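*Asks:* Questions regarding the structure given below will be posed in turn.
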Ligand code: ADP
């Protein structure tokens with residue numbers, strides 16, 4: 001089984017590309033999804049977070065008040081480290097479990113959709129890395145128009161990530177998503193074709 005990293009700046013179209021890869025028969029492991037799943041009610045990390053940051057971070061229905069946790073966890077470096085010490089091991093464990101489940105299920109290609117893949121140097125563990133690339137100004141426009149973010153918030157989030165040229169330099173394949181949504185189909189099919197040829201075929 002090959003694990004292909006998929007990354008890009010916020011608003012670049014990773015989720016859109018991930019869906020196209022799923023349609024090509026790849027199994028999706030979504031890092032953002034895992035980060036949410038490990039703090040669902042009933043998960044040990046949620047109990048530990050409430051013990052560490054206050055029981056009132058739990059809403060009446062038992063789910064996490066993300067805003068309140070964020071305000072406390074990002075108040076200092078020490079608190080952020082505490083948050084990470086609770087969530088990171090669970091995230092890593094769950095990520096490995098999903099890779100293993102894909103392997104058991106006979107998957108040949110897994111796409112690991114991870115916004116911070118290059119920021120964290122995880123691209124080095126991948127069999128290959130795909131970067132979805134869009135000019136920052138266009139990403140701001142899409143985040144404001146389609147995702148309802150405030151422009152300043154969109155710019156702040158983009159500025160908090162590694163520069164686009166550093167991310168691009170880590171790519172084995174760059175998908176240019178500056179054009180219309182339809183221009184992705186052919187590019188994704190081309191990358192899949194190349195990766196199957198390089199790393200294995202659907203039938204082998
Ligand atoms: P990411 O997962 O990288 O943050 P998304 O896949 O959610 O990005 O894309 C951000 C937004 O831009 C979404 O609303 C998506 O539908 C839209 N989008 C993606 N590709 C294009 C495109 N080529 N043209 C216009 N809008 C696009």
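A Cβ is built for glycine as well, from the same backbone N, Cα and C atoms used for every other residue.
According to TrEMBL, the record shows the following:
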{"type": "BINDING", "residues": "11, 12, 13, 14, 15, 16", "note": "ATP binding site"}
*Asks:* Relative to the mean position of the Cβ atoms of 11, 12, 13, 14, 15, 16, the recorded ATP site, which additional same-chain residues have Cβ within 8 Å?
*Replies:* 8, 17, 132, 134, 177
*Asks:* Counting across all protein chains shown, how many other Cβ atoms sit within 10 Å of the Cβ of residue 11 (ATP binding site)?
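*Replies:* Within a 10 Å radius of the Cβ of residue 11 (ATP binding site) lie 25 other Cβ atoms.
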*Asks:* Just name the winner among 12, 15, 16 (the binding-site residues) by count of other CB atoms within 10 A of its CB.
*Replies:* 12
*Asks:* Give me the count of other Cβ atoms within 10 A of the Cβ belonging to residue 13 (ATP binding site).
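*Replies:* Here the count is 21.
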